[in-house]
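Taken from Swiss-Prot, the feature disulfide bond applies to CYS68-CYS83, CYS75-CYS88, CYS82-CYS103. Look at Swiss-Prot and you will find 1-18 tagged as signal peptide.
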Amino acid sequence: MNTIIPLLLLSLLITVYAYALEDGNKEEIQDIAESEFEASNEMLQLAHLLEADRAETEEDRNSRQKRCWGANVPCEDENSPCCSPLKCEKTFGYGWWYGSPFCVRSGSG
């Protein structure tokens, strides 16, 4: 009888300890599962951001500024695509020396 009581007490302590470990393992497994779920959400958000960035890049590519004509390039009329500070004007010598107007700075001629 003296040996049975300590053995029963020891077995009781072992089972209580095992249940405590099992609860801890369940919490760890649950934490791991939650972190994996968060990682998949982050990947999904990243995919949406990349898709939006790709669409924005496509828009930028299609809305590129049209090429313009540089200085002293012959042009047809005032609607010609001369670069920003330049305008299509009839310069000195237009008609008797030059056959068409040129892209020049405004007021220089």
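Placement of Cβ uses the backbone N, Cα and C atoms for every residue, glycine included.
Cβ neighbour density within 10 Å is lowest for CYS83 among the disulfide-bonded residues CYS82, CYS83, CYS103. Every protein chain considered, the tally of other Cβ atoms within 10 Å of the Cβ of CYS88 (disulfide bond) stands at 20.
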